[in-house]
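S.K.: I grabbed these lines from Swiss-Prot:
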- Cys12, Cys96, Cys198: [4Fe-4S] cluster binding site (BINDING)
- His41, His74, His124, Ser226, Ser227, Asn228, Ser270: dimethylallyl diphosphate binding site (BINDING)
- His41, His74, His124, Ser226, Ser227, Asn228, Ser270: isopentenyl diphosphate binding site (BINDING)
- His41, His74, His124, Thr168, Ser226, Ser227, Asn228, Ser270: (2E)-4-hydroxy-3-methylbut-2-enyl diphosphate binding site (BINDING)
- Glu126: active site, proton donor (ACT_SITE)
Amino acid sequence: MQIYLANPRGFCAGVDRAIAIVNEALARFEPPIYVRHEVVHNKFVVSDLANRGAVFVEELHEVPDGSIVIFSAHGVSKAVEDEAERRDLTVFDATCPLVTKVHIEVAKFAREKMDAVLIGHQGHPEVEGTMGRFSAQYGGEIHLVENEADVEKLEVSDPDRLAFVTQTTLSMDDTAVVIDALRKKFPNIQGPRKDDICYATQNRQDAVKDLAQRCEVVLVVGSPNSSNSNRLRELAERMNCKAYLIDNAGEMKKEWFAGVGAVGVTAGASAPEILIQEVLNQLQQWGGDLPDELKGIEENVTFSLPKELRIPVKEVGL
């Protein structure tokens, strides 16, 4: 059985930065360090950080006054940010800079008294944070749509003063369909100057398409609550591959590969390489060949840590 390995795969710059922020905070300051929401959507990563003193909470009321809290890579609403300031919490913001870019766009549209449309999945923390960056005090409104049916039902106050943004981890193909529907219904709708789908999401989706053309089965290493990992699985399935989303090698079943000539392995943007290697090892134990790593786009994007975590502790004033 041939094994093909997607490239790029796994950690993106935003995830690297978010995990580094938690690690640096734990190294500089004594636990507990509170983290609002899972810093990234991966069970292995979250469990490892929790074992070293990170305390994961869903809401700020679970964080004692005066504590250190880290916002997850998915971003938070303005209301959450304001609450942290009121309660004298020391905040290290691990929001991915590409998500922050969308926050800035939404806030700008609000100030310009426009309505905004967010293409995204209801209930996802990134969507909640972005929706919460739109201030209705200027008279506009933000609307959430997931698909063409939502666009068909959408009503806005002024179709000529309308703009859209997207969640960063969506399927490019699905998003293009929704954008086309928006432009058809609202010909004067404005879009972002640059596509909101992040570079890592796009690169990993391109890589899984390459993988699916060569394989009968595709394994996506990632947690069930990872949006970008789910999109990779769906994309492989659309290309007539059997595709499985797995947290780790222990979730694989040998019967998945009975009679299979080629299997592909990729990983979502929040899955660490160690989990990918464990999957490859298990496949080889079941008779797979040495993995063939496919060529792909080389990623050299990096994001710096907050300045408070780059200077000596005594200068931070904590």
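Using N, Cα and C of the backbone, Cβ positions are placed for all residues, glycine too.
Burial and contacts for the listed features, if you can.
M.R.: In the three-state DSSP assignment, the secondary structure recorded for Cys12 ([4Fe-4S] cluster binding site) is coil.
Within the same chain, the residues at least 6 positions away from His124 (dimethylallyl diphosphate binding site) whose Cβ sits under 8 Å from its Cβ are His74, Gln167, Ser227, listed in sequence order.
His74 (dimethylallyl diphosphate binding site): 28 other CB atoms within 10 A of its CB, across all protein chains. When secondary structure is read from DSSP and collapsed to three states, His74 (dimethylallyl diphosphate binding site) falls in the coil class.
For the recorded site, Glu126 (active site, proton donor), the DSSP three-state label reads helix. Neighbour count (other Cβ atoms within 10 Å of the Cβ, all protein chains): 25 for Glu126 (active site, proton donor).
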S.K.: Pull out the recorded positions from the set Cys12, His41, Glu126, Ser226, Ser270 whose C-alpha sits within 10 Å of the C-alpha of Thr168 ((2E)-4-hydroxy-3-methylbut-2-enyl diphosphate binding site).
M.R.: Glu126
S.K.: What whole-number distance in angstrom separates the two most remote CA atoms of the dimethylallyl diphosphate-binding residues His41, His74, His124, Ser226, Ser227, Asn228, Ser270?
M.R.: 15
S.K.: Applying the rule Cβ within 8 Å of the centroid of the Cβ atoms of His41, His74, His124, Ser226, Ser227, Asn228, Ser270, what extra residues of the same chain belong around the dimethylallyl diphosphate site?
M.R.: Val40, Glu126, Thr169, Asn225, Ser229, Gly268, Ala269
S.K.: Cα-Cα, whole number of Å: Cys96 ([4Fe-4S] cluster binding site) versus Glu126 (active site, proton donor)?
M.R.: 10
S.K.: Within 10 Å of the Cβ of Ser270 (dimethylallyl diphosphate binding site), how many other Cβ atoms can you find? Include all protein chains, please.
M.R.: 31
S.K.: Is it possible to get the count of other C-beta atoms within 10 angstroms of the C-beta of Cys96 ([4Fe-4S] cluster binding site)?
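M.R.: So the number of other Cβ atoms within 10 Å of Cys96 ([4Fe-4S] cluster binding site) is 26.
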